[in-house]
Amino acid sequence: MARILILLLGGLVVLCAGHGVFMDKLSSKKLCADEECVYTISLARAQEDYNAPDCRFIDVKKGQQIYVYSKLVTENGAGEFWAGSVYGDHQDEMGIVGYFPSNLVKEQRVYQEATKEIPTTDIDFFCE
């Protein structure tokens, strides 16, 4: 009986680990360079370290370059967050996309202006 219980619990852990979680929205709108929000807006450099509080965010180290893909529209006194990715040491090594506070970085180069205001969706705040 104990063996069956252990197998069931192990299966439950595997099942839960294979599914993501929809987290609370940080904003209902975002600014992007294009309608699909896939083009890079800018390249920014981190001015200080940042430890991600949950899976929606990314860890950033001072001096790292971050490619910015969207900028959340600030609502109800919330902080301003941008979505971006820190790339690895190798050119083809793409990092995980996540949010970080905009006041943490300084934009180094703007590729395209973020002029398209798009509603955020649940998938924008999905965590695996």
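Cβ atoms are placed via backbone N, Cα and C, with glycine included.
These figures come from a predicted structure and were not determined experimentally.
Per Swiss-Prot, these features apply:
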type: DISULFID; residues: C32-C37; note: disulfide bond
type: DISULFID; residues: C55-C127; note: disulfide bond
type: DOMAIN; residues: 39-110; note: domain 'SH3'
type: SIGNAL; residues: 1-18; note: signal peptide
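Recorded features from Swiss-Prot, shown on the structure.
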residue	record	CB count, 10 Å
C32	disulfide bond	20
C37	disulfide bond	18
C55	disulfide bond	15
C127	disulfide bond	12
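For the recorded site, C55 (disulfide bond), the DSSP three-state label reads coil.
C55 (disulfide bond) sits 22 Å from C32 (disulfide bond), taking the Cα positions as reference.
Taking the Cα atom of each, C37 (disulfide bond) and C127 (disulfide bond) are about 19 angstrom apart. For the recorded site, C127 (disulfide bond), the DSSP three-state label reads strand.
The secondary structure of C37 (disulfide bond), as reduced to three states from DSSP, is coil rather than helix or strand. Reported as a whole number, the C-alpha separation between C32 (disulfide bond) and C127 (disulfide bond) equals 21 Å.
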